[in-house]
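What TrEMBL records for this protein:
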| type | residues | note |
| --- | --- | --- |
| BINDING | Asn103, His108, Glu113 | oxalate binding site |
| BINDING | His106, His108, Glu113, His155 | Mn(2+) binding site |
| DISULFID | Cys30-Cys46 | disulfide bond |
| DOMAIN | 59-209 | domain 'Cupin type-1' |
| SIGNAL | 1-20 | signal peptide |
Amino acid sequence: MKVVYFLVAFLALASSIAFAYDPSPLQDFCVAVNETNGVFVNGKFCKDPKLVKADDFFKHIEPGNTDNKLGSKVTPVAVTEIPGLNTLGISLARIDFAPKGLNPPHTHPRGTEILIVIEGTLFVGFVASNQNNNTLFTKVLNKGDVFVFPIGLIHFQQNVGYGNAIAIAGLSSQNPGVITIANAVFGATPPISSDVLTKAFQVDKSVINYLEKQFWYDNN
């Protein structure tokens, strides 16, 4: 009986590992299309391989407009932007920063992020989960430096240099998703109950009302 329990536990562990990230493709490519008369794979329908073109795997990215409250702009390059990424399990984003610009605390529920600084100096960090005492890990990055943000953990980047900054982030999913913490908590639709938020943050209701009235900017 112990052997049976061991095998069940082993199979459960193997399954959780196998499905922890985007599944591996079983064909050369599966270019995503919006039509519904294709083959449904990994959340997208596939274009007929005979109709696939080089442009299905290509996109030109311009610098992002940082003229906003946060002084930053994230330009994603995921399956929505490049249909050829479908089933390939990767994506990236270009992040532009004005001086003192901030990519605010956020999380990617379906992807680990690896970031390289192309220009400028960034202060970056992530917060571990409750079981690891919400430990904050931070680092100042300069041109050429690389930093990893583990999947699902809250993280941020801020330009602490005197000029503009640029970073490229690689993500371990074709559609990693993003949850901006301030937007999700204070800009939810419909709003989260003020009673819930006042107790959660241990502040007066007027503080919650003030925060909920702010313009929560989505820079993705």
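The count begins at 1 with the first shown residue.
Cβ coordinates come from backbone N, Cα and C, glycine included.
Any TrEMBL annotation is an automated prediction that lacks curation.
Features as recorded by TrEMBL, highlighted on the structure.
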residue	record	Cβ neighbours (10 Å)
Cys30	disulfide bond	24
Cys46	disulfide bond	20
Asn103	oxalate binding site	27
His106	Mn(2+) binding site	22
His108	oxalate binding site	25
Glu113	oxalate binding site	26
His155	Mn(2+) binding site	22
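A separation of roughly 9 Å, to the nearest angstrom, links the Cα atoms of His155 (Mn(2+) binding site) and His108 (oxalate binding site). In space, Glu113 is the closest of the recorded positions Cys30, Cys46, Glu113 to His106 (Mn(2+) binding site), judged by Cα positions. For the pair His108 (oxalate binding site) and Cys46 (disulfide bond), the C-alpha distance works out to 25 angstrom.
On the 0 to 100 pLDDT scale, the domain 'Cupin type-1' (59-209) averages 95 in the predicted structure. For the pair Glu113 (oxalate binding site) and Cys30 (disulfide bond), the Cα-Cα distance reads 23 Å. For the pair Cys46 (disulfide bond) and Asn103 (oxalate binding site), the Cα-Cα distance reads 34 Å. Taking only the Cα positions, the spacing between Asn103 (oxalate binding site) and Cys30 (disulfide bond) is 32 angstrom. Apart from the site residues Asn103, His108, Glu113, the chain places the Cβ of Val74, Ala93, His106, Thr107, Leu115, Phe149, His155, Gln157, Ala169, Leu171, Pro176, Val178 no farther than 8 Å from the centroid of the site's Cβ atoms, the recorded oxalate location.
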